[in-house]
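Colleague: One structure coming up, written as structure tokens, with questions to follow.
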């Protein structure tokens, strides 16, 4: 026994009641991982051949939680230990709970991966410099712990996701590579979905179909007449066909052919006729009056303009 405490063997291992740093008005230890132990612990550690810097394992036997820390001073009351409040939260300790303290030696760290709780930590102008300044107050890091970084009157909590070469490493006088994981409250921006109809992509080796360009079709409108009458359509008979049909009707009503009537008119007027109609001029002229009588109704139907057909007058009176 050493001053009433059961120190024995070649290692230091003791149980203390833990309290936060606010109980002894030592607020500065909240920015690191160092604890304040009683003077008897220093006497025992000095008699042992231990490695420096002094590193300790903190264990909560009831909750089976483990963490690691360094030591700042040996000024605590006997049987008590003071530690940062964030460390008590990691170990699930309340004021006055028992914690087991044991000295250990940890390997120097080569890699550590950190994950902020909130994305506000990334809004700091230079988070790397703030982190380097804060970690100067730390002696070791343990996988699964959540350390606290105070900056600009605000507290940021960061999880230790991974550590190499072991789950607990020493970061004193070592070059350690640091990597960051996305914050716990980080959400990826949603991709905008196309509201329009989806277009099918052509298969490989096939050219995309070309859109048919509209062709120019001239004169596709509706025709209108200046006199207001309905325009003639393709279904209406053409003037030539109507004239032909009227001529055929006239032929049936008159009972004679059109060439014969025109030939007699020409002969009665004393005109010469060439061609095959000359033979018809040698026929007796008895039929001429009859033909003339038969053609009179047709002349009455279509009166023709005749010049100089009025009475004659003399200037002499």
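Placement of Cβ uses the backbone N, Cα and C atoms for every residue, glycine included.
TrEMBL annotations: computationally assigned, not manually curated.
Below, the features straight out of TrEMBL:
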| type | residues | note |
| --- | --- | --- |
| DOMAIN | 12-107 | domain 'Ubiquitin fusion degradation protein UFD1 N-terminal subdomain 1' |
| DOMAIN | 108-183 | domain 'Ubiquitin fusion degradation protein UFD1 N-terminal subdomain 2' |
| REGION | 182-317 | region 'Disordered' |
| COMPBIAS | 234-248 | compositional bias 'Low complexity' |
| COMPBIAS | 249-279 | compositional bias 'Polar residues' |
| COMPBIAS | 280-305 | compositional bias 'Basic and acidic residues' |
Colleague: Give the residue counts of the domain 'Ubiquitin fusion degradation protein UFD1 N-terminal subdomain 1' (12-107) per reduced DSSP state, in the order helix, strand, coil.
Modeller: 24 helix, 37 strand, 35 coil
Colleague: Can you give the mean pLDDT for the domain 'Ubiquitin fusion degradation protein UFD1 N-terminal subdomain 1' (12-107), rounded to a whole number?
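Modeller: Average per-residue pLDDT within the domain 'Ubiquitin fusion degradation protein UFD1 N-terminal subdomain 1' (12-107): 91.
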Colleague: So how many of the residues in the domain 'Ubiquitin fusion degradation protein UFD1 N-terminal subdomain 2' (108-183) end up helix, strand or coil by DSSP?
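Modeller: So the domain 'Ubiquitin fusion degradation protein UFD1 N-terminal subdomain 2' (108-183) is made up of 14 helix, 34 strand, 28 coil.
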